[in-house]
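Engineer: I'd like to ask you about the structure that follows.
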Amino acid sequence: MKIALIAHDQKKEEMVAFATAYAPVLANHELYATGTTGLRIQEATGLPVHRFQSGPYGGDQEIGAMIARNEMDLVIFFRDPLTAQPHEPDISALMRLCDVYAVPLATNIGTAELLIRALERGDLAWRSIVRGQTKGGEESKTER
């Protein structure tokens, strides 16, 4: 599964702690992140992370583009609800795309833990069907 990890500045430490705690689960998946968040996760866990631009420089939009192409399976986005963000429209668009494409989205550690446990149990395997793939990973003949 492809997992996006995003954290606002005030939530980066929390994201690093989360990624460290769940590194054994995350190691089985393809990780994507915005710039600094991805670097901090890589340094703390040693896990490979595909890094996009920083959020205010288009990173949220790059992840949003993957969602719109149905290439992202799970988004964990630790938002700071108490600080105004200059790229708030991008954040809203990202969250809207998760709703449009039925991509599970966690915006706090409580929900993130529920989703990561579900991922660990295989409860999110339905995402491969939504992506038009069979169990073996090849594309379905009915895919657009």
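Cβ atoms are placed via backbone N, Cα and C, with glycine included.
Quick paste from Swiss-Prot:
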| type | residues | note |
| --- | --- | --- |
| DOMAIN | 1-144 | domain 'MGS-like' |
| BINDING | H8, K12, T34, G35, T36, T37, S54, G55, H87 | substrate binding site |
| ACT_SITE | D60 | active site, proton donor/acceptor |
Engineer: Rank the binding-site residues H8, H87 by the number of other Cβ atoms within 10 Å of each Cβ and report the first-ranked residue.
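Structural biologist: Per the Cβ count, the most surrounded site is H8.
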Engineer: Using a 10 Å radius around each Cβ and all protein chains in view, which of these binding-site residues has the most neighbours: T34, T36, S54?
Structural biologist: T34
Engineer: Check the DSSP secondary structure of D60 (active site, proton donor/acceptor), expressed as helix, strand or coil.
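Structural biologist: In three-state terms, D60 (active site, proton donor/acceptor) counts as helix.
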Engineer: In the domain 'MGS-like' (1-144), how many residues does DSSP put in helix, strand and coil?
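Structural biologist: Summed by class, the stretch gives 72 helix, 22 strand, 50 coil.
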Engineer: Can you list, in sequence order, the residues of the same chain other than H8, K12, T34, G35, T36, T37, S54, G55, H87 whose CB lies within 8 Å of the CB centroid of the substrate site?
Structural biologist: I6, A7, D9, A33, P56, G59
Engineer: Given H8 (substrate binding site) and the residue listed as 'active site, proton donor/acceptor', what distance in Å do their CA atoms have, once rounded to a whole number?
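Structural biologist: Between the alpha carbons of H8 (substrate binding site) and the residue listed as 'active site, proton donor/acceptor' there are 11 Å.
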Engineer: Just to confirm my parser: what is the rounded mean pLDDT across the domain 'MGS-like' (1-144)?
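Structural biologist: Mean pLDDT across the domain 'MGS-like' (1-144) comes out at 90.
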Engineer: What's the CA-CA gap between D60 (active site, proton donor/acceptor) and T34 (substrate binding site) in angstrom, rounded?
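Structural biologist: About 7 Å separate the Cα atoms of these two residues.
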Engineer: How big is the substrate site in terms of the longest C-alpha to C-alpha distance among H8, K12, T34, G35, T36, T37, S54, G55, H87, in angstrom?
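Structural biologist: So the maximum pairwise Cα distance among the substrate binders is 17 Å.
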